[in-house]
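Some notes on the structure that comes next.
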Amino acid sequence: MVSRRNFFTGAGAVAVSTALVSRAGAASLPEAVIMDKAATQPPLMPPNGRPYNPVVTLNGWTLPWRMKDGVKEFHLVAEPVVREIAPGMKANLWGYNGQSPGPTIEVVEGDRVRIFVTNKLPEHTSVHWHGQRLPNGMDGVTGLTQPGIDPGKTFVYEFVAKRPGTFMYHPHADEMTQMAMGMMGFWITHPKDHNFMRVDRDFCFLLNAYDIDPGSYTPKVNTMLDFNLWTFNSRAFPGIDPMVIAQNDKVRIRVGNLTMTNHPIHMHGHEFVVTGTDGGWTPPASRWPEVTTDIAVGQMRAIEFVANEPGDWAFHCHKSHHTMNAMGHDVPTLIGVDQREVLGKINKLVPGYMVMGDKGMADMGEMEMPLPDNTLPMMTGRGPFGGIGMGGMFTMMKVRKGLARGDYKDPGWYKHPPGTVAYEWKEGGIAKPEPVRAPDADRMAAKPGEKVLQVTKPGKNHAH
Ligand SMILES: [Cu+2]
């Protein structure tokens, strides 16, 4: 972590210290800690206050606080930030304390919390504490419950964290712009009894989305649906860290959705139950096992399971366009279209033009096509067996035997026990045996060279 105060240390620090101390003393603002890394930070063990089991924010961090007369004091700074979406691509976003999303705030049920919010954006803002029980005037809706926080001003929010559970924070001020630019963060209120619904690993992240043209850095804020970067905590795979888990750990994953559409979040290898929603913990009798849960806009879900199957298990949004990076859209479907003749003609006009997508799009993931600077290829993640063919809202749960408690280091690729990986079939040493098929199978399959794709333009053959 980088402290803003670090700027004042070193030579000359003594000379100016008196002035700084008296100014800080008068203002009494807690330090605004900033983060300069997009990597997942280790859980922040509470240095004071009541004990709790901290969460791990995927590609994020938890904001340290100051304890003052029994009140937990935090300092959020709303400001423009540069966020690395994945190695090779950075975005000009707005966020808090150096990153977008902002830091996770962790408190305990019953804590009195005071949050100082300093606005370093070029326009007014506010912070709404999504899901909290609090005095109406602390709810952060510009114009309705408070005036906007003008650039350069600091506002104070103060309330008791009454209900334990999973929350978010975001502006209610020019929100179409400010949320499209990445202003959001996670909030966890831990239960007073730190053994209540205790888990071994507790992960959290937000679903968000951006529309950034290939080669540019700043999101288009007027986009309503057609986003091209689908992200977990403003990171796109392969920029998203894996969730590292010890075998047989009880695991909770908390997800909040601040995009403009729903996301069916899907887990491989295990079943889970939804143990928490925006409104709190679900009654145990209301839970059922599933492997996908749909998270609507503005919702939070906490899912739980025992990670007893070792491996590298995929964890992703099941909308297939959401596991693609930019360039995934506005590409015509050319499957089955033989472009060789066209290619010859185009090459006379545009030397080096490439045929794309006539056998599907998989080849586009690894294509040696020149991309504009600061652009992520559609699907760049590589695994031990080759290209993973996904980007966007995708990561892995790496479940390993014998990991120490608190060890979140990437353990590398899973080493499969012998005989447990899908393999190529060979018959008598022949790698590509002709499959035996029913006598009339040929009648149903397309013959080589046969025209199987017919495009009918709507309107031509329609009576209306
Ligand atoms: Cu999705």
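Every residue gets a Cβ built from N, Cα and C, even glycine.
Unlike curated records, TrEMBL annotations are generated automatically.
Note that this is a predicted model, so its numbers are computed, not measured.
TrEMBL annotations:
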- 1-26: signal peptide (SIGNAL)
- 85-192: domain 'Plastocyanin-like' (DOMAIN)
- 217-331: domain 'Plastocyanin-like' (DOMAIN)
- 440-464: region 'Disordered' (REGION)
- 440-450: compositional bias 'Basic and acidic residues' (COMPBIAS)
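Looking just at the domain 'Plastocyanin-like' (85-192), the mean pLDDT is 97. Per-class residue totals from DSSP over the domain 'Plastocyanin-like' (85-192), listed helix then strand then coil: 9 helix, 50 strand, 49 coil. Per DSSP, the domain 'Plastocyanin-like' (217-331) is made up of 7 helix, 52 strand, 56 coil.
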